[in-house]
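A short write-up of the structure that comes next.
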Amino acid sequence: MPLFQLLRHHMMENRRGLALLALLAGLSNTLVLATINAATEVVGDREELLRFAVLFGIAILVFVIVQHRLMYLVSSNVERTIREYRTGLFETIRGVGLAQVESVSRSELFACISRELRIVGNSVPPLVVAMQAVVLVFCSLIYMAWLSMTAFLLWVSCTVVGMMIHFACAKTIQLQLAEAYVKENELVTHVNDLIDGIKEVKMSQARGAELAEAFGSLAHGLSGHRVTIMMLYSRAFVLSQVTFFLLTGLMVFIVPVLSPTFIKVVVMTTTSSLFLIGPVSSIISALPNFANANASAKSILSLKTRLLALESERFPQSAPFGGFETLRLDHLFYQHRHASGEGGFVVGPINLTVQRGQVVFLTGGNGSGKTTMIRLLTGLYRPDRGAVRLDGGVIDASNLLAYRDLFATVFADNHLFKELYGMGPIDQDYADRLFDILEMGHKSRIEDRRFTNVNLSGGQRKRLALIAALLERKPIYVFDEWAADQDPYFREKFYRTILPMLRAEGVTVIAITHDDKYFDTADIHLHMEDGRLQIVRDAAMPMPALDSVR
Ligand SMILES: Nc1ncnc2c1ncn2[C@@H]1O[C@H](COP(=O)(O)OP(=O)(O)OP(=O)(O)O)[C@@H](O)[C@H]1O
């Protein structure tokens, strides 16, 4: 069962304590019942009655203490499991290769990390009550068997019938829940569309109306579905309750006929039966929770299995590279793969040599392979063939993390982190200088290692991203069409002030660009066409620094 599979680990660690507490809770509950029944026999005897009252009080006290402890133990174990799943999913995503992480559905991931795990957590208190009720029912049945075997057999057979009815209903409910889950995820996808595409939605009445209609019809279908599920639950509940009413009726009307016992045994078994209705009802009402939590656990486990099947990139930590003199791409070859497994666009083989301190420009038409080439160069994609070499040494799994740490990047679809995660001590003078050059001081600043404001225009956000990258003080900078978002004034600053400043600092810059006006600022100009790399100009070397071979 998925829910048990999900919670098993920590529950099994504490299984003895949990079993003991659940048993004690059930026994103390049964003791309450037995004490009441026994007290009804001695109503005239004050001394006896007092003794039973004390026993009654002790049973309740034990119940309260045990119940409290049990709930704490279960809740803390469940919350620990939820926490571990959340961080585990986060880490798994972090560890999956870039080429594969894009295949993960965002809405499914968000749903699992928040909604599904919460449903599992919320299902636990009613499930604990239900578990105790199971123990209580079990103990009370033994007590009832001791009172009257006939009453016991009647009770057990009716309960079995009631449970069979319930499980038959539960199967249908499970199927309906699985369908509702799919519809809920589709709803989330539509909300994502609305938020991510709000501008496009606002700009077209027809688009907005159609999206709203699709959402409305999904929501309508889902609410109808939910009503059906609730009605199925209600039917199951009513059937179970009726079974119990019939059961209690049997105690009063049939047991005296079948059993040659005294009237007081009939009264006691009836009391027991009535006493059991509460716990059994809590078991029944926990079943919807259980079914919901089970469906959620199933989706969580399924996502986890799919994520684990993706190629993980757990590379070992290695000593950082102090710097480098020569970076070489040696017969690099990479082929994109479609979700079907079919091979796609091919980049390479690529041969390129870059010396420390050089400024390299990469140009090329849309879809020519520039981004793919940059991802190979930065180690985000692993080449199918060929090697990246740093000062002659091959970059492989053993030193890839240290290699990636050589780069600071501003990608075209860069994400601007408000918090400067992973940055060492910030050089405040350098930061002030960068804010001055990029004229961002009046818009934002750095306080407590975070930007005070990131609600800015696209171009301004890119300028902050550039500041963040430069503050990393890495030996290689990669900029993917950074200047595309800037006006001519800041474009000029980028090519005529920032790049020369970086060259003077002895760092290497590799930039994808289309600004032909500034091509003179580069030491090497590369051009990409249909996955092949060509050298346009190499100011530093008489011989071409790269050759394109296919
Ligand atoms: N994840 C992917 N899976 C399959 N094919 C891909 C993937 N990413 C890119 N491609 C394909 O690889 C080719 C090169 O894409 P790439 O993004 O490297 O080009 P680009 O030169 O950066 O383009 P642009 O200037 O438009 O950003 C394209 O034909 C594209 O469809």
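In case you wondered, yes, glycine gets a Cβ from its N, Cα and C as well.
According to TrEMBL, the feature domain 'ABC transmembrane type-1' maps to 18-292.
For 327-549, the entry in TrEMBL reads domain 'ABC transporter'.
Counting only same-chain residues 6+ beyond the ends of the transmembrane segment (50-66), those with a CB under 8 A from a CB of the stretch are 21, 24-25, 28-29, 31-32, 35-36, 38-39, 42. What TrEMBL lists as transmembrane segment is 50-66 (among others).
Tertiary proximity for the transmembrane segment (124-146) is limited to same-chain residues at least six positions away from its ends with a CB under 8 Å from its CB atoms, namely 22-23, 25-27, 29-30, 33-34, 67, 70-71, 74-75, 78, 152, 155-156, 159, 269, 272-273, 275-276, 278-280, 282-283, 285-287, 289-290, 293. The transmembrane segment annotation in TrEMBL covers 124-146 (among others).
Under the heading transmembrane segment, TrEMBL lists 152-170 (among others). Listed by sequence, the residues of this chain that lie at least six past the ends of the transmembrane segment (152-170) yet keep a Cβ under 8 A from its Cβ atoms are 137, 141, 144-145, 232-233, 235-236, 239-240, 243-244, 246-247, 250-251, 254-255, 273, 276, 280, 284, 287, 291.
As annotated by TrEMBL, transmembrane segment applies to 236-259 (among others).
Looking only at the domain 'ABC transporter' (327-549), the predicted model's pLDDT averages out at 87.
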